[in-house]
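Some notes on the structure that comes next.
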């Protein structure tokens with residue numbers, strides 16, 4: 001297309017100032033004058049088209065009217081003063097066969113303006129015509145006309161000055177390869193490169209022309225539409241096979257993911273959701289993006305499916321329980337109906353109501369008059385089946401000897417409390433003597449070793465306390481009171497003993513304290529009824545006032561106390 005466009009520009013430029021100077025008029029004139037004189041052959045030069053690169057704009061030094069064919073051709077000396085003896089490439093003088101018959105006379109072409117700026121000139125003599133080669137023979141390539149390394153076209157004028165057409169590009173870039181191939185094909189089509197490439201067989205020439213024409217119309221380097229990579233013509237087949245292999249691997253990878261998800265034991269809900277997701281995928285999405293999205297959302301989607309499967313499992317379990325309950329109720333109703341039918345049949349056979357005697361008189365039971373008997377009255381009848389555990393003996397005494405060992409404390413070990421009134425004290429002593437059956441009281445705790453300064457009862461959870469709580473003393477000051485105030489040395493020793501005791505308590509940490517005396521345990525006891533732990537004296541004084549635990553008010557006997565070791 002560029003060749004025709006260049007030729008069109010040359011026809012309408014200053015080379016042909018006369019509008020009649022066109023190839024069509026030239027043919028008409030030459031055919032009209034062919035019958036006059038056919039002795040002188042003539043070659044008709046075609047309009048000169050400058051080969052121009054496809055992608056690059058180059059500088060053309062002869063686009064104005066000052067340059068004529070005479071300034072570019074060599075060895076033309078027939079016209080004195082206008083053309084000098086110059087050599088020029090004969091490939092520029094290619095003629096079409098229909099325009100140059102062998103017996104054509106070129107003398108009438110003088111009507112097409114033979115001035116110094118015309119594009120068509122007659123040859124002066126026979127030597128000039130014979131000095132040129134035929135336009136249909138392979139042309140010889142001049143020196144510096146075509147370089148294999150750089151596709152540049154050079155011409156020289158009469159002064160020996162060379163003109164370079166084309167731009168030099170780096171040979172390593174794709175653009176240079178494209179320009180090289182395109183320029184080479186353009187020059188070959190226009191006849192500028194006409195050595196062994198032009199001197200081939202007709203079949204090779206036809207194939208080469210097809211390839212060159214395709215290259216002229218599609219001169220851009222191919223680009224992969226998938227990965228947008230610039231490719232060379234030799235890499236097209238290999239790259240296409242690589243893309244096809246990647247495309248074939250995508251369905252297999254997707255099927256493997258689905259097979260992993262559809263492992264044995266997968267619930268139906270998971271299979272259904274996977275199929276819905278597979279159907280809902282966009283058909284226009286690319287395989288790469290779909291695979292990336294599946295991998296990106298696989299974790300969250302698996303979590304969603306697991307939660308939904310667990311929820312459906314719970315719902316199915318509830319439904320199964322409800323069905324079992326309904327079946328059990330149906331069986332019970334069936335058995336009840338069978339019993340009712342049996343009773344009705346029996347009553348119908350007997351044709352009498354239930355009778356009983358009361359005070360020597362026979363009476364009819366009123367419930368038998370109701371339809372359905374006692375069950376029809378709305379009361380619930382209990383089954384006659386007895387529980388097999390109902391015959392077990394009930395242990396009222398609570399013999400825990402085998403489990404907890406023999407009792408360690410008795411009623412004689414209890415420390416009785418003294419009331420404010422003498423009458424209450426006498427009653428307590430009488431009751432205690434009756435319980436002991438005249439036995440002597442225990443001497444486990446003597447008043448001198450008692451932690452309590454008086455016989456007042458400690459406070460319990462019921463709020464019962466003595467009015468002299470301010471006078472109560474704990475084990476912290478009991479040792480000091482035992483010592484007489486007359487001896488200063490004894491007091492000093494007692495203080496040192498107290499300090500050592502406090503140091504031991506600090507070293508132990510005193511993590512365990514009695515909740516009654518608020519001191520560390522002297523002899524801890526626990527009850528097998530409530531398992532609360534208190535000091536021995538605290539337990540015995542509390543049980544002397546009431547048979548209840550001082551912490552939780554659980555009924556506790558002296559025989560329930562057991563010694564423990566912390």
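Glycine residues also receive a Cβ, built from the backbone N, Cα and C atoms like all the rest.
Values in this document were obtained by computation on a predicted structure and should not be read as measured data.
Feature annotation from Swiss-Prot across 185, 277, 321, 426 places SUMO2 cross-link at 277. Checking 172, 176, 390 against Swiss-Prot, you find phosphoserine recorded for 390. Annotated by Swiss-Prot as coiled coil, the relevant range among 456-484, 485-513 is 485-513.
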